[in-house]
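K.L.:
I grabbed these lines from Swiss-Prot:
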type	residues	note
REGION	1-36	region 'Disordered'
DOMAIN	70-328	domain 'Protein kinase'
BINDING	76, 77, 78, 79, 80, 81, 82, 83, 84, 99	ATP binding site
MOTIF	350-358	motif 'J domain autoinhibitory motif'
DOMAIN	376-411	domain 'EF-hand 1'
DOMAIN	423-458	domain 'EF-hand 2'
DOMAIN	459-494	domain 'EF-hand 3'
BINDING	472, 474, 476, 478, 483	Ca(2+) 3 binding site
DOMAIN	498-528	domain 'EF-hand 4'
BINDING	506, 508, 510, 512, 517	Ca(2+) 4 binding site
């Protein structure tokens, strides 16, 4: 609009200087209209091409019908609000855990707000140790939240089974929890209910335990300059500052300290016969290492617990500093990541050659890479990502990309002696500009999966059809201008303005994209 106003102003100025064009004639009107339309097209094109892509943009309250899309297999668990059902996608065959929440139990306004806030937070969070939300929909009786199946069960059950953990295993677990919390706090999100019941193990593989933080019902956005006041949480894990009604994001660190204490000893630092007694002990902040279980625990481990359980939030260690604590670095320094070399070679090739500037193709691939892949399909890529993520915060910055890229080339068997740092940096900068789809200066986990995965794996008919249906909201068999505008958050625009944007894909020039055009676009991209 600013450009259009400027154009009209310039023409008025020309008239004032004696340039007596007759804008009242039909030719003048048409010329101005054509120029205005041209500018509008350019604005739409620029807005579209500069739009930021995030996995959360694909999670919308859709019109999916549960029994048409999914087949329920068995109940995985029950809670006060509903149940979790192991379900199979009828189109792709993939299995998901679907949380089914009865609307009878979400009658209060605050309960519905809590549910919708949880969905919004999960839409924005993209981290290897945070549960992934695939879909959210509702019908007359229920809300449905679709996520991965984490077959390893709760960390709580693993604690009961093991009694207590070796230091190295406890460090591996708490490092992942802190990685997720560091990422959350960096994005101004506080969990407020961290406990072993809300930490799931991705698989039953005890050698390579990957954890997932779940249940964001009590989570919220926070501001560093403001204290929170809601007294919420679970007795054993709640921080004293929460009980006092004035706290910040470091309430999560207190909970991590309690979890680490339990992992190493098998018992909570603040115990009691009932909730009242437990909370009274939490309020004092006093605990002890004078237990038989702690006699063989290192001073460094105890030091981290002490720093996490500092009574005053201002002097309590931050998530970032806890993640970099000497004990965690020492315990996890020898963790070897065995990377499959063929997978590594393919991922490096895919990363280097990802140069698509077609925003629709990028969006389709991001959806397929982040929402239509399974844990097994991304297992090797997850290892590569973790190896590159040197500071463990779940994102790759420029420096990590430079170091990690060189390491991966060596692992692949390439001779890097002739590659100077400047050449590596140039290549990394090109990679970063190509695959940083949300333009935040980091490579998120889903962005990495999207560009590194075997794209031919993604292009099954079932996956292509599901991706197409995401864009084709009205089920007409074609993706319209307004459907794209909705998805990219650009508002209603005229179809004419979108023809310029879509011309690379729209082969028959009808102003819409059919399935064949959509499929051809992705096949062309994957053939480099």
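Cβ from N, Cα, C; glycine included.
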K.L.:
If one measures from the C-alpha of residue 472 (Ca(2+) 3 binding site) to the C-alpha of residue 76 (ATP binding site), what distance in angstrom results, rounded to a whole number?
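P.N.:
Roughly 33 Å, rounded to the nearest whole number.
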K.L.:
Just give me the nearest neighbour of residue 478 (Ca(2+) 3 binding site) among the binding-site residues 76, 78, 80, Cα to Cα.
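P.N.:
Given the candidates 76, 78, 80, the nearest one is 76.
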K.L.:
Given the binding-site residues 78, 478, and counting only Cβ atoms in the protein chains shown, which has the most within 10 Å of its Cβ?
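P.N.:
Selected residue: 478.
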K.L.:
Among the binding-site residues listed here (474, 508, 510, 512), which has the Cα closest to the Cα of residue 76 (ATP binding site)?
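P.N.:
Looking at Cα distances from residue 76 (ATP binding site), the smallest one goes to 474.
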K.L.:
Have a look at the binding-site residues 80, 474, 483 and say which one has the shortest Cα distance to residue 508 (Ca(2+) 4 binding site).
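P.N.:
Of the binding-site residues 80, 474, 483, 483 has its Cα closest to that of residue 508 (Ca(2+) 4 binding site).
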K.L.:
Taking Cα atoms as reference points, which of the binding-site residues 78, 82, 84, 510, 512 is nearest to residue 474 (Ca(2+) 3 binding site)?
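P.N.:
Smallest Cα separation from residue 474 (Ca(2+) 3 binding site) among 78, 82, 84, 510, 512: 512.
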K.L.:
Tell me, what is the mean pLDDT of the motif 'J domain autoinhibitory motif' (350-358)?
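P.N.:
On average, pLDDT over the motif 'J domain autoinhibitory motif' (350-358) sits at 70.
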K.L.:
State the non-local partners of the domain 'EF-hand 1' (376-411) in its own chain: residues 6+ outside its ends, Cβ under 8 Å from one of its Cβ atoms.
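P.N.:
Non-local partners: 127-129, 175, 178-180, 182-183, 186, 210, 320, 323-324, 337-341, 343-344, 347-348, 419, 421, 424-425, 427-429, 431-432, 441-445, 448-449, 452-453, 457.
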K.L.:
Which state, by DSSP, holds residue 76 (ATP binding site): helix, strand or coil?
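P.N.:
Strand, per DSSP.
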K.L.:
Using the recorded ATP site (76, 77, 78, 79, 80, 81, 82, 83, 84, 99) as reference, state which further residues of the same chain have their Cβ within 8 Å of the centre of those residues' Cβ atoms, listed in sequence order.
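P.N.:
Counting only non-site residues, the set is 100, 101.
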K.L.:
Can you grab the distance from residue 510 (Ca(2+) 4 binding site) over to residue 476 (Ca(2+) 3 binding site)? Cα atoms, rounded to a whole Å.
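P.N.:
For residue 510 (Ca(2+) 4 binding site) versus residue 476 (Ca(2+) 3 binding site), the Cα atoms are 14 Å apart.
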K.L.:
Neighbours of the Ca(2+) 4 site 506, 508, 510, 512, 517: Cβ within 8 Å of the Cβ centroid, same chain, sequence order.
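P.N.:
For the Ca(2+) 4 site, the extra neighbours are 478, 502, 505, 507, 509, 511, 513, 514.
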